[in-house]
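Here the structure is laid out as structure tokens; the discussion comes afterwards.
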Amino acid sequence: MPESAKGDPVVRLRGVSKKFPGVVAVDGVDLEILPGEVHVIAGENGAGKSTLMKLLSQVERPTEGTIEVSGEPVEFHGPRYAQGLGVAMVHQEFALASHLSVAENLFLGREPMRFGLVDRRTMRRRAEELLRKVGLQTDPDKLVSTLSVAGQQRVEIAKAVDGEPKVVIMDEPTATLAEKEIEDLFAVIRDLTSRGIAILYISHRLDEIFRISDRVTVMRDGKVVDTLPTRELDEEKLVRLMVGREVGNLYPKPEVEIGEVVLRASGISRGTVLEDCSFEVRAGEILGFAGLVGAGRTELARAVFGADRRDSGTVEIDGKEVRLKNPQQGIDAGIGYLTEDRKGEGLALELGIDKNITLASLPMTGGFISLDRERRTANRRREELNIRTPSVRRKVRVLSGGNQQKVVVAKWLETRGRVLFFDEPARGIDVGAKAEMFGLIGDLASQGRAIVLISSYLPELLNMCDRILVMREGRVAGEIERPEFSEERVVALATGAREVGAA
Amino acid sequence: MSAATTREGTSGGLRERLSGVVSQLAAAGALIVVFVFLSFASPVFLTTDNLFNIGTQTAVVAVIAIGMTLVIITAGIDLSVGSVAALSGVLGVTLMVNAGLPPIVGIAGGILVGATCGLVNGLLVSFAGLNPFIATLGMLTVARGLVFITTGAVAVFGAPESFRLLGQGRIGPIPIPIIVILVVAVLGYVVLSRTKLGRYAYAMGSNPEAARLSGIPIKRYLTSVYVISGALAGLGGMIAASRVNSGQPNYGVGLELDVIAAAVIGGASLFGGQGTILGTLIGAFLIALIRNGAVLLNVDIFYQSVIIGVVIWIAVFWDQYRRRRLASASE
């Protein structure tokens, strides 16, 4: 693969900077992108990766420096102009009109016209061609809303590759994909690069960087730290470059005495989503939920917590059955659920850190909120969890992902939850913040809390958990104890590739 | 660390508090400018009588707008307040006239009528799942219809003289409507900042799912918010009725627009999660000042509407501009 990257750079940045009032987001960046290479931009949140992509795709105008495409300096005329030059962008959040068809989306704003009307036949034909290029087998007349997330992303890519671009920018393209879909996406990427198209790729997931990239450019504080061929890197070195210091163990798992069963769920079923799921988790134990996206891990957690209704099944806390029909009852029973979608479901972004922390457990005195106790609580949690902010009154919106996640944790600690479900706690946060988050999860376990960790990234589960429960198609496919942990075992159970034993 | 966090470290909460004040100042600044301008432009403006007059005239809008602020904070809207105020007015007066009840009971009855309409709104929004715009639009026409059904489209006269006190009386030198504004505002402030209802209103408006998963019984609190809005519309309706000592079936057509304008000028966001009592009061008084000034300076009444419309644009534009800048600085 690396050999396919040859020739003159398709894009060259010289001394490119972007200053916002009070912030230098991108600082004097020099960068060359070669035809047919997969070039990863790595760095922590706020390192300037996204801004750099916006400069390239002309969403933002650089304050200094020049950008060259195919050796020619380019002027700034906005995203559509950039696409005309051959710089296309696949957005992290898909910018598709879900109520329009695939073909209509592909040609939105540039529909092929005939006699002043949209030429639907041509549109359909060209849509079919484009879809074939990106390996999406679907009827172009289907509504976008009926496609899977991976399918929608493929439509975005098809949109980007129309007109044979020189560079396609992909911003965290795998964030919402399942393992199999990631493989498919990589196949598409390889196909594009074989045709000489360069891929500029942003990712937080280290394993992917090594799987797909030819070269890596590491950014920190808006500057380029280094550009290296991927084969000269290993995980440790890459993390060190990104963070700027030694990170130590990413998954600090403490030795914990495992106690009594705290929560036992039996026969949980819900529609076609969950079927007769049972599990138990003990004090001090970290239980992992593994499985493909859509296997029912989140659904099981939500059903146990009381966020979604259940058709059947019981939940026991300390051996006593509890009524769980809504989140309030879940909280009262001592269960906490940290959602996978932090911004969408976990935080009130417009409210302060203090108010988010106390949201599920307002300190009341004589019928009124005690603002004094609220502030003290928030400050205590800020210290304890190392939430980096000058004031707990700041809006949660302005915090980094890692700090936002800590606010969510603080909220659930305030409810005195004894069983905590962490749903993808490391998603979208920095490497440094990840290590901190897993350290925290380890601490909570050593304090005797029962932890359920849901993750799509196997190394997290294999390193942190005492036991892994694997789900497949809404059922519990099997359980693996720590001594028997291996990636193959989990994947086999998750995919049903080969039936293990009497399962 | 990253550029964004460096910035957090240096600027701190102070910047945020400052920008909070500035946003209040946008409306407050306009209020002061208009105030100073009118003081010079009209000899009558800066007299106690005229100022009390402004306060009295804005009482209805201000009181109802406080309830509206609560609703808007939850990302809702209450379009029915004008009709509900009229319904409360005519029914409240009818209680006094037909049943011979004392004014205080009539007023309580009017507020209860408003609260009942609010309860229906709240149930439609939170339990039937109707969009607040639709639920309260329905109530807008239902309540107006009920006004005409109960009155036969004829104004209700004959309330006891003492009923006039609410809208026209004074305690010492201060008009009672102004005292009502202050009491309701203080209560509103306490509810918003110090009670579960207020806190949960902000939380529901900012992120309903996060609020639900935090164990907040959303439906109950959301319903309560509409009940409060309805009750305050009822109170506003009684103040208005007292000012003319009668129940007027045509009262309050379009009133909801002034009320929403007051809240929005005062910084309440229709997307929810934002809004303050002080801001809303400033918004209400700004509208009242413009109206009053236009009368004093003999400006055509049609121009008033144009000016108020433009003020809404500017206030909301400023608000969004400020927020966007804050948001982009934090990325």
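Backbone N, Cα and C atoms are what each Cβ position is placed from, and that goes for glycine too.
TrEMBL lists B:21-46 (among others) with the feature transmembrane segment. Within the same chain, residues 265-267, 276, 278-279, 282-283, 285-286, 289-290, 292-293, 296-297, 311, 314-315, 318-319, 322 sit at least 6 positions outside the transmembrane segment (B:21-46) and bring their C-beta atoms closer than 8 Å to a C-beta of that stretch.
Panel annotation: around the transmembrane segment (B:58-77), residues 85, 125, 132-133, 136, 167, 177-178, 180-181, 184-185, 188, 191-192, 198, 201-202, 204-205, 208, 222, 225-226, 228-233, 235-237, 239-240, 255, 258-260, 262-264, 266, 268-277, 279-281, 283-285, 287-288 of the same chain, lying at least six beyond its termini, place a Cβ under 8 Å from a Cβ of the stretch. Residues or ranges marked as transmembrane segment by TrEMBL: B:58-77 (among others).
For B:84-101 (among others), the entry in TrEMBL reads transmembrane segment. Panel annotation: around the transmembrane segment (B:84-101), residues 60, 64, 107, 109-111, 113-114, 117-118, 139, 143-144, 146-147, 150-151, 156-160, 163, 230, 233-238, 240-241, 246-253, 255 of the same chain, lying at least six beyond its termini, place a Cβ under 8 Å from a Cβ of the stretch.
The transmembrane segment annotation in TrEMBL covers B:107-130 (among others).
Only residues 6 or more beyond the boundaries of the transmembrane segment (B:137-159), in the same chain, are considered here, and those with a CB under 8 A from a CB of the stretch are 79-80, 82-84, 86-87, 90-91, 93-94, 96-97, 103, 106, 117, 120-121, 124, 130, 241, 245-249, 253, 256. The annotation transmembrane segment is assigned in TrEMBL to B:137-159 (among others).
Annotation source TrEMBL lists transmembrane segment at B:171-192 (among others). Taking Cβ pairs closer than 8 Å, the transmembrane segment (B:171-192) reaches residues 48, 52, 55-56, 58-60, 62-63, 66-67, 69-70, 73, 165, 198, 201-202, 228, 232, 235, 239, 276-278, 281 in its own chain, all 6 or more past its ends.
Same-chain residues lying 6 or more positions outside the transmembrane segment (B:221-240) and placing a CB less than 8 Å from one of its CB atoms are 59-61, 63-64, 66-68, 70-71, 74, 76, 78, 80-82, 84-89, 92, 106-107, 110-119, 121-123, 125-127, 136, 166-167, 177, 180, 184, 191, 196-197, 200-201, 204, 248, 251-252. Annotation comment: TrEMBL describes B:221-240 (among others) as transmembrane segment.
Sequence annotations record features per position, and here TrEMBL assigns transmembrane segment to B:260-289 (among others). Packing against the transmembrane segment (B:260-289) from elsewhere in the chain are residues 23-24, 27-28, 30-31, 34-35, 38, 54-55, 57-58, 61-62, 65-66, 68-70, 72-77, 181, 185, 188-189, 192, 202, 204-207, 308, 311-312, 315-316, 319: each is 6 or more residues past its ends and has a CB under 8 Å from a CB in it.
What TrEMBL records for B:301-318 (among others) is transmembrane segment. Only residues 6 or more beyond the boundaries of the transmembrane segment (B:301-318), in the same chain, are considered here, and those with a CB under 8 A from a CB of the stretch are 23, 26-27, 30, 261, 264-265, 267, 283, 286-287, 290-291, 294.
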- Could you give the residue numbers and ranges of same-chain residues that sit at least 6 residues beyond the transmembrane segment (B:107-130) on either side and whose C-beta is under 8 angstroms from one of its C-beta atoms? 76, 78, 80, 84-85, 87-89, 91-93, 95, 101, 136, 138-139, 143, 163, 166, 218-220, 222-235, 237-238, 241
